[in-house]
Amino acid sequence: MKELSRIGVLTSGGDAPGMNACIRAAVRRALAEGLEVVGIRRGYAGMIDGDFVEMDRLSVSNILQQGGTILKSARSKAFRTKEGRERAAEHLKAHGVDALVVIGGDGTLEGATRLGEEHNIAVVGCPGTIDNDLFGTDETIGFDSALNTALESIDKIRDTADAHDRLFLIEVMGRDTGFIALSCGIGGGAELVLIPEMLTDMGAIKERILSLMSSQSRSSIVVVAEGDELGGAQKIAEALREESAFDDIDTRVTVLGHVQRGGSPTARDRVLASRLGNAAVEALLEGHSGVMVGIVNNDVKLTPIRNVWGRKKEVDYDLLQLTALLS
Ligand code: ATP
């Protein structure tokens, strides 16, 4: 096993609240072990440009509670090519970086594994994405914060929906998965939740909404995952408005958008991110590479990254039924 002396840390892909807490934990654990730490700014784009910064204890002071990422994030087309990764590896070698902690989603993890295998660099990934779609961990860094931000907005929309007897279609993030939508649906008492994992039957939805809106409570909230195959909340609202039965239903659309990515991480995300940042450095010290650290049933678990990418984590379908049952 190669002796470690200097590790690199980066954040990549979509930013997620809690990434800073993860950076802090990785940096401080590494320093405590006598390692040197280099921060790589702007993810793989910065690695290719040699945008590196020395990290000490003070460099990660007072960031635990901040959203975003002090190292910044980016998406890099060049890193998808062998030539791009070669340029990145040259910079790593020039800076004496033996190993990497990468924080990001499945694309970030896949890129790290390719780099590691092609250039003999040890890499350990931390699951950082609000989408919660990574296999090998019960929750990803940022999911709980994004969920709580969305939920706060849904509660507020509920007040105005109720006051005016309106139907609200609220679109939440999650790319091609429905984790945020499902949890928001339960937590926000939505009447319906539409997710990409479940084919949306427009006829059944129209019937259900008409029945809900003609019942005693004449306001309803439908949570729509942005990746729903019908094309999001706006498209669904247009389809409803085509029906004359909806002429008397005041239908509004709110797309929550990037507000879900920002803000201070929740306590749950801070703890998760701190545990994972620490576990990533520990895994490197133990000689692991090409693995993602996750928390499964409250224990740290290492999963080979090749088992993570392309493998879909299943949503809990019981939650869908519970939404229908409780609405
Ligand atoms: P999120 O889930 O928040 O979108 P992500 O990490 O999946 O995060 P991507 O844009 O898919 O986001 O990936 C981040 C970066 O990782 C890409 O911009 C690219 O530089 C690198 N990357 C992704 N896939 C590959 C790949 N197959 N080979 C090499 N690099 C890759």
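Heads up, residue numbers simply count up from 1 along the chain you see.
Every residue, even glycine, has its Cβ placed from backbone N, Cα and C.
Heads up, TrEMBL stuff is auto-annotated, nobody curated it.
Here TrEMBL has ARG24, ALA25, ALA26, VAL27, ARG28, GLY189, ALA190, GLU191 binding ADP, and the candidate from ARG75, ARG158, ARG218 in that same listed site is ARG158. For the ATP site that TrEMBL gives as ARG75, SER76, GLY105, ASP106, GLY107, THR108, the extra residue drawn from GLY8, GLY14, GLY174 is GLY14.
Summary of the site annotation: TrEMBL records substrate binding at THR129, ILE130, ASP131, MET173, GLY174, ARG175, GLU226, ARG252, HIS258, VAL259, GLN260, ARG261. Screening the candidates ARG166, ARG268 against this entry identifies ARG166 as the one listed for that site. Ligand 1 lies under 6 Å from the Cβ of the following binding-site residues, listed in sequence order from ARG24, SER76, ARG252, ARG261: SER76. Annotation for VAL259 (substrate binding site): same-chain Cβ neighbours under 8 Å, separated by at least 6 residues, are THR149, SER153. Counting only the Cα atoms, the space from THR108 (ATP binding site) to ASP131 (substrate binding site) is about 14 angstrom. Sequence-distant contacts of ARG175 (substrate binding site), defined as residues of its own chain at least six apart whose C-beta falls under 8 angstroms from its C-beta, comprise ASP131, ASP133, GLU226, GLY227.
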